[in-house]
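Participant: What follows is a single structure, and I will ask about it in a moment.
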4 protein chains.
Amino acid sequence: MTRKIGIIGMGNVGAACAHYIVAGGFVDELVLIDQNLKKVQADALDFEDAMANLPYHTNIYVNDYHQLDDADVVISSVGHIKLLGGDHPNRFAELKPTGDDVKVVANELKQTKFNGTLVVISNPNDVMTSLYQELTGLPKERVIGTGTLLDGARMKRAVGKAFHVDPRSVEGYNLGEHGNSQFTAWSTVKVLDQPVADLAAKQGLDLEQINEDVRMGGFTVFNGKGYTNYGVSTAAVRLAMAVINDAHEELPISNYRAEYGTYLSYPAIIGRQGVEQQITLNLPQDELDKLQASADYIKKNLN
Amino acid sequence: MTRKIGIIGMGNVGAACAHYIVAGGFVDELVLIDQNLKKVQADALDFEDAMANLPYHTNIYVNDYHQLDDADVVISSVGHIKLLGGDHPNRFAELKPTGDDVKVVANELKQTKFNGTLVVISNPNDVMTSLYQELTGLPKERVIGTGTLLDGARMKRAVGKAFHVDPRSVEGYNLGEHGNSQFTAWSTVKVLDQPVADLAAKQGLDLEQINEDVRMGGFTVFNGKGYTNYGVSTAAVRLAMAVINDAHEELPISNYRAEYGTYLSYPAIIGRQGVEQQITLNLPQDELDKLQASADYIKKNLN
Amino acid sequence: MTRKIGIIGMGNVGAACAHYIVAGGFVDELVLIDQNLKKVQADALDFEDAMANLPYHTNIYVNDYHQLDDADVVISSVGHIKLLGGDHPNRFAELKPTGDDVKVVANELKQTKFNGTLVVISNPNDVMTSLYQELTGLPKERVIGTGTLLDGARMKRAVGKAFHVDPRSVEGYNLGEHGNSQFTAWSTVKVLDQPVADLAAKQGLDLEQINEDVRMGGFTVFNGKGYTNYGVSTAAVRLAMAVINDAHEELPISNYRAEYGTYLSYPAIIGRQGVEQQITLNLPQDELDKLQASADYIKKNLN
Amino acid sequence: MTRKIGIIGMGNVGAACAHYIVAGGFVDELVLIDQNLKKVQADALDFEDAMANLPYHTNIYVNDYHQLDDADVVISSVGHIKLLGGDHPNRFAELKPTGDDVKVVANELKQTKFNGTLVVISNPNDVMTSLYQELTGLPKERVIGTGTLLDGARMKRAVGKAFHVDPRSVEGYNLGEHGNSQFTAWSTVKVLDQPVADLAAKQGLDLEQINEDVRMGGFTVFNGKGYTNYGVSTAAVRLAMAVINDAHEELPISNYRAEYGTYLSYPAIIGRQGVEQQITLNLPQDELDKLQASADYIKKNLN
């Protein structure tokens, strides 16, 4: 009866999500929530100051959890990216403070009638997604993380550049933890309709270098501006729209995989119920090992 | 043969322009330029990391002025908004440092073959637009400022709220300097098909309060987050697209008015040649006086 | 919880509405209904054949009235435009057969739980809108017709051409019956911020010729291709989206005006409840007379 | 310096292309050409009647070949679909009359300075694309046909339905002639990250039935409404935008393959130069045989 998204956490990432949603006219109602009332009011007013010059109208609500009662999707973008840094940045630096925030947010959410899908951007992503699911009690399929949807986009960008091809024409996945243990599942990556490993071998390209570029992509952006926001917010909004459209689109995201006993990034079919269907990839042993290692790392940190 | 926009200055405003343009697929080529190479590279990479999840493709170039040779529109968003602040913020606090930047940019632009339309967001807007025109030698009609297109959007937001109406259904203009001397030309403002002054009188609404809200709107946002970007970038992109579409759309922007001997905001018809046609409003004497005072203020500061 | 539109009548107009909606990704669920099952199935399949190449996903349902239970908007585009023709075409030629269709559709609608807003394109528009309201028993504010939203768009196109200005930069209304008795309320029309009558007088332009162009616009298109569809479907979708966005946008549409005792086109504020607020124009006597005549004509034909 | 598309042939397909382009604001200038002047003028006027209610502005030109001098893309949608029909419809029924039209159009095009990419929808598609290339003398890489981009979309729709997945999440190609000899290259088709043949075997699904659905898809739509337009026009506009964006996107389209000595549908990388790069699929022998047979069929009919 209306498209409604809530965004919790109006830092650089949440604000970029909101900007994309308002500019695209994707929803009818947008709920913005942040601990910093002046900041979230400023963003809301700034969006409203854009509306006379936009084609569509979006009704915006500020810091009212009860507006989430009938939201289709809530996006959690709470985080403490400023804590990252140094030579070996690690998303787990955010674990404690973001975890504290997530507890507060989950508790607030539980007191609403929210019954849609929760899309988690907060990092470390798999841990925070897991935490949200436990604390809210929402079904596992309706609590999902953007996970390696972003890493995969970075891989497609890097592979696309190497072969002069649009990122959308590269297929394949990054799997596991959205963090230092994620990896490109090269067995799944194809470009120009060839396994990229074959093509790279022919052309003397080093996949490990591309892999490193993918893994460090976020930190390159982070070091240049102190945060990353456009890539991840675009991924999050695409995921949210797949839910709202009930698209049954396949996307690699953080979802609970029973065989690993944890949330981790793995492709799934996304629709109005969140994860509509799970998928089994035919991975070679070395990639299965990497995935197991990544799963173990997530579980260790969750505890 | 391709839609191409350049954005000079990748602070919060320039980045929001670029985000809107990339997310909307509005152009085929986007040139991003900033003194801070790491920042502009980070934004470019971040946009490229979004592309696997976007419907359209945009080719991005970084810090290459010669890519502006065949640009349709160049947007100047260089600025020093951090200098503003205090109880009585004033866009003229940016005059000296932004003026210095504009001299550098204009000099670089002159060395390209750029022959499109220059859209200036930099503040103080009318002074910087004037400065760009003088320094680049581009025809006056092809150097324009976003001016009060933003103030007008704020007025429409404020009036719309007061009367429970979409900002797009409020008509009317804010005129003069995009700064403290700008004013709402209430004689032009209508809502619910009535002059807003009449309606306000009937309902006991105080137009001066709305006016104050409009004038201080940017500072409310500024105080909440340290800058304003969504409203103004949306206005700038709308203006750029009116040029690129050759839309002949009427928009209140900073354009050179011979009768005042200066750039100031006044509605004009916008198309591929920038200002395609100028307009004469039938303003009452008190608004003419305000406009004259605003023009005098701009000219004084330009000198 | 989802955006859902139903379209009843998949002739050229209904199909163009559906095309615009699917291509724009405006809704999550689209219900298509037509007496000709093979035609509506063909259109649905054709849209589904487009989806692999579109950015967004739309779920389409065919000939299932119960899918309208939770629709936000139902658009009625049933009609018999082929009956029009000859030197003096008149939308009232469709009165009997379309009226019969409307009775069938209204009866089917009544048996659903549909509780949204009904947007009527069927002609003669004011009569059919009135008939739908009576037969469905929906509140008057939630049964509206596209009315002169199209005639106004034609007027803006014609005035825009005469003054080299974008149609969106022409303001003003066409009022009354969406038919031969509709008229341009010239007192409301402004371009270049001047009353168009003044400008036309100065430039020796004949407003009556523009008026004739507006009135005959649809028939010019009709004579060229046997129907008109793009202008009216764009108007209908804009109206539907104003409802779905709860935009509170002002649009001239066919709505029930108590003082005339009939549906006729007059600007209103449109939101989720259909007509959210009515407006009073300050029309000169000659336009009031034309409006009264138009109202009388509608009422006569409704009986 | 502007995005410009020409569409030649304003039947149901050309008009649907134009509608999508205008509604999406994809170009700044649109040139519409048809032998039936009244029809093309009617469509142009109808689009202009839509513009007051659309977010973007498009300048439309009618029946002026010289407006194609600086077009980025020209779409040929001339055709005689009405000639098809009967129990065994065959796109080659259009060969003679459409071929005659193509000769006229190609001759007119040669007299312009058009130097962009020609996108051919006209059927039989591979023959007409070939004919255009010969007659215009444009480089082979800049004359391409929509070919099996549509058949592939139909395959993705059919496979997607069978496995409850979005068509965009099905990968794979239809190859060869865009006609009765086209075939789904099942070796390339994957859904849920599995070869579809494996999945279908497990679930007792008959791929041949899906194949038949794909092959007859167009005729199902054709039989329901007398033509097909939405699927193919969406494919054509996507292809045109890949050219205009210089996207380097991989799409299966009709392009000249030297090893077969003919145009036929095979994936290629599409950018501003049309075909930017060709691809080699690793097809099994039975699919290579089908492709050879399809190529032979096209060549026989071209002569």
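If you go along the chain as it appears here, the first residue is 1 and each next one adds 1.
Using N, Cα and C of the backbone, Cβ positions are placed for all residues, glycine too.
Unlike curated records, TrEMBL annotations are generated automatically.
Feature list, courtesy of TrEMBL:
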ACT_SITE  A:His178  active site, proton acceptor
BINDING   A:Gly9, A:Met10, A:Gly11, A:Asn12, A:Val13, A:Gly14, A:Asp34, A:Ile121, A:Ser122, A:Asn123  NAD(+) binding site
DOMAIN    A:4-145  domain 'Lactate/malate dehydrogenase N-terminal'
DOMAIN    A:148-303  domain 'Lactate/malate dehydrogenase C-terminal'
Participant: Mind checking how the domain 'Lactate/malate dehydrogenase N-terminal' (A:4-145) divides into helix, strand and coil residues in DSSP?
Facilitator: 72 helix, 25 strand, 45 coil
Participant: Would you mind reading off the Cα separation of A:Val13 (NAD(+) binding site) from A:His178 (active site, proton acceptor), to the nearest angstrom?
Facilitator: 16
Participant: List which of the recorded positions A:Gly9, A:Gly11, A:Val13, A:Asp34, A:Ser122, A:His178 have a Cβ under 8 Å from any Cβ of chain C, in sequence order, or say none.
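Facilitator: Listed recorded positions passing the 8 Å Cβ cut to C: none.
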Participant: Would you kindly give the Cα-Cα distance separating A:Ser122 (NAD(+) binding site) and the residue listed as 'active site, proton acceptor', rounded to the nearest Å?
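Facilitator: So the Cα of A:Ser122 (NAD(+) binding site) lies 11 Å away from that of the residue listed as 'active site, proton acceptor'.
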Participant: By Cβ count within 10 Å, point out the most packed of the binding-site residues listed: A:Gly9, A:Asp34.
Facilitator: A:Gly9
Participant: If you draw a 10 Å sphere around the Cβ of A:Val13 (NAD(+) binding site), how many other Cβ atoms fall inside it, taking every protein chain shown into account?
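Facilitator: A:Val13 (NAD(+) binding site) is surrounded by 27 other Cβ atoms within 10 Å.
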Participant: Among all protein chains shown, how many Cβ atoms are found within 10 Å of the Cβ of A:His178 (active site, proton acceptor), not counting that one?
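Facilitator: Its Cβ shell of radius 10 Å holds 32 other Cβ atoms.
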Participant: Taking the Cβ of A:Ser122 (NAD(+) binding site) as centre, how many other Cβ atoms lie within 10 Å?
Facilitator: 29
Participant: Across all the protein chains here, work out how many other Cβ atoms are within 10 Å of the Cβ of A:Gly11 (NAD(+) binding site).
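Facilitator: The answer is 18 other Cβ atoms.
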Participant: So the record assigns A:Gly9, A:Met10, A:Gly11, A:Asn12, A:Val13, A:Gly14, A:Asp34, A:Ile121, A:Ser122, A:Asn123 to NAD(+). If I measure every Cα pair among those residues, what is the longest distance in angstrom, as a whole number?
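Facilitator: Site span for NAD(+), by Cα atoms: 17 Å.
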